[in-house]
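Worksheet: the structure to be examined is printed underneath.
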């Protein structure tokens with residue numbers, strides 16, 4: 001079925017928002033998305049120096065902005081924010097280390113990502129992806145994917161943002177996160193009121209909550225603003241296709257092609273969550289254009305030496321909180337991300353926000369996504385097959401975080417890459433179970 005602009009919910013996606021309101025919402029989406037986390041992880045593990053770290057973070061913001069813009073305006077036309085995917089982190093690190101483990105090895109990462117992105121474009125242009133999607137993702141599989149996204153993001157928020165010791169202690173980080181969550185809850189409740197206070201609270205709940213968490217962080221005597229002071233206003237991010245060469249290795253290319261399929265599975269989960277939140281249909285045209293746009297964006301990300309892009313699920317939670325679904329807000333988000341990509345000082349400001357405050361907002365939005373999945377399940381008449389799909393995929397999404405790291409490392413490398421994302425892995429489990437389990441009786 002093709003997209004129907006007469007659908008009232010579809011009109012909300014096309015709605016033009018006043019500039020001031022759009023900027024506030026765009027800033028909220030930008031602060032929640034954690035765009036710097038993936039490049040920071042990669043740069044830290046590969047022992048990049050400070051200049052290289054700043055450069056890859058800037059490049060990630062720049063490409064995130066470009067991807068968000070072309071998807072919102074040209075291809076998918078959905079209210080989604082795009083950023084670097086966690087899925088290929090292990091693969092990128094593996095390719096880098098296998099090919100020498102020095103900065104020149106980045107050329108093989110660029111080459112492998114470029115070929116994988118080209119394959120993604122071809123799949124989108126063939127217009128076959130939606131047919132594949134419909135054959136693989138039944139209503140119960142779609143519901144389980146959305147539910148598992150929320151469930152998988154919760155431990156990620158806890159372990160990578162809150163249960164850490166940085167400047168603040170573990171106990172202080174927990175308090176910062178709790179106060180941030182409480183503030184978000186209060187502003188969200190105020191947002192239910194049909195007055196000016198309600199409107200402001202609904203639109204800015206995420207920003208206000210982050211501000212509360214940041215104030216608590218400052219009250220503990222923390223807050224190092226030296227990186228902001230020392231950073232330059234304008235700095236060109238690295239351009240690997242100019243600064244380095246592009247090289248190809250068959251094993252690396254094959255690995256990345258497989259990982260791109262996993263990333264597409266992950267991205268479809270965010271698309272489904274957005275479809276559920278906005279109550280709009282994920283049409284064949286929208287899906288095929290989305291895959292094509294994502295492939296083109298990933299070719300750009302490859303040339304900038306950035307991890308492949310995916311739609312960020314955390315921003316779907318922001319949509320649900322604000323109840324503003326206009327895709328045109330994403331043009332402001334894209335512009336902000338591109339601006340940060342060219343500004344070392346703005347990039348430094350983003351990194352000053354305490355991880356625990358971001359984690360508190362992240363937890364709330366993750367819970368909202370999980371609830372969206374539960375609501376999808378409520379609307380399905382479950383047979384025994386559907387019950388098994390839900391139970392096993394949920395167990396996989398939650399249990400993967402508990403598997404000993406030594407055991408994961410003992411598995412074949414490609415399996416390690418796939419298990420690197422509980423979102424993608426649980427989605428694959430649900431899809432496989434849907435194909436191999438026979439239909440059962442409705443209970």
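Heads up, residue numbers simply count up from 1 along the chain you see.
Cβ coordinates are placed from backbone N, Cα and C, and glycine is handled just like the others.
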Stated TrEMBL location of transmembrane segment, expressed as one of 80-99, 280-299: 80-99
Maximum Cβ pairs under 8 Å to the transmembrane segment (242-263) - stretch from the list 54-73, 80-99, 356-374, 386-403: 80-99
Stretch of maximal Cβ-Cβ contact with the transmembrane segment (386-403) [cut-off: under 8 Å; candidates 80-99, 137-158, 170-191, 329-350, 356-374]: 137-158
The transmembrane segment (22-48) versus listed stretches 80-99, 105-125, 137-158, 329-350, 356-374: most Cβ pairs under 8 Å: 329-350
Same-chain residues near the transmembrane segment (170-191), Cβ under 8 Å, at least 6 residues beyond its ends: 161-164, 197-199, 201-206, 208-210, 212-213, 216-217, 220, 321-322, 354-357, 359-361, 363-364
